[in-house]
Amino acid sequence: MLCLLKLIVIPVILAPVGYPQGLPGLTVSSPQLRVHVGESVLMGCVVQRTEEKHVDRVDWLFSKDKDDASEYVLFYYSNLSVPTGRFQNRSHLVGDTFHNDGSLLLQDVQKADEGIYTCEIRLKNESMVMKKPVELWVLPEEPKDLRVRVGDTTQMRCSIQSTEEKRVTKVNWMFSSGSHTEEETVLSYDSNMRSGKFQSLGRFRNRVDLTGDISRNDGSIKLQTVKESDQGIYTCSIYVGKLESRKTIVLHVVQDEFQRTISPTPPTDKGQQGILNGNQLVIIVGIVCATFLLLPVLILIVKKAKWNKSSVSSMASVKSLENKEKINPEKHIYSSITTWETTERGISGESEGTYMTMNPVWPSSPKASSLVRSSVRSK
């Protein structure tokens, strides 16, 4: 039904209501916007007039280059906005057509979207066509994983690149520690709030600041004094009117800069937390194998240590004995030789003379020296 409506509406718009060949047009200079893959971009198309007039028609065209053929992104006529082709569900007319505004919001930007976007706008009861080109450059997708140490401060960026200011109406930051856990509000901003300020709630109170410039469509935040419990998934929802653009950041909190890098994937569900992953299983198997291989070596080392200890003890005993023998002084054994008186009758009545002989005895000699008795008979 929608395709049939397009076939009917497009010829009606482009033929009867199309611009005559001689219709004058006004082209302004083309601003440049740079946006990362997956983000949103707002391309302004505002007619600057002192009086406000109702927009009669808006066409947004895309071409890779100035000389390339153009394709329709979106067209607006008679209060009907129709996105076309590959831009369906991603392009939205966000300008206030009652105030000369035909701005376009393009969500989930892809690399193929890089090129020149031209807005052609005509006001009611005027023949002049206003043309405003915007050059879009698409950069690689920003990393979704952010690592920070405990106690440090980290920035989390969330913005809409735009040629116009003051288009963001609301910003919400939410936190979840897992896929099945309840979300917590980190920060909330609403342009309709009386205070016009943001609110940080719950355990993030007094630790979160809105550092982005809301007037420039920037809802970035700063998280201070990071805790281990802050690890998880942070989702930024930034609104232009009722249209929401989302950005997800996975925050990993580490103890120090030398700690092993945590896997960038968010916590899994289905009870997988209690199951070892492949890397852990390999590490455990390696430890077990190493233990079995090193056990015999350990046993040999223990036995060798005991044998060395026993040998050292024996040597110490021998040396102690030798030292003891050297320290003890020489001992002499004195023995007396008994003298017997003789009643033998001899010449001049002279009696025999008795003498005592001392021989040294060494402790190391196998046998003690015997007592030697010698008698010298008197002449």
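Backbone N, Cα and C define each Cβ position, glycine as well.
It should be emphasised that the depicted structure is a prediction, and the values quoted were computed from it without experimental measurement.
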Recorded disulfide counterpart of C119 (Swiss-Prot; options C3, C45): C45
Swiss-Prot annotation, N-linked glycosylation site - which of N89, N308: N89
Cross-link partner of C236 (disulfide, per Swiss-Prot) out of C158, C289: C158
Under 8 Å by Cβ from C158 (disulfide bond), counting only residues of that chain that are 6 or more apart: V171, W173, G212, D218, G219, S220, I221, C236, I238, K247
Residue, out of the disulfide-bonded residues C45, C119, whose Cβ gathers the largest set of other Cβ atoms within 10 Å: C45
Neighbour-count leader, CB within 10 A, recorded positions: N79, N89, N125, C236: C236
Spatially closest candidate among C45, N79, N89, C119, the listed recorded positions, to N125 (N-linked glycosylation site) (Cα to Cα): N79
Rounded mean pLDDT for the residues that make up the domain 'Ig-like V-type 2' (140-250): 90
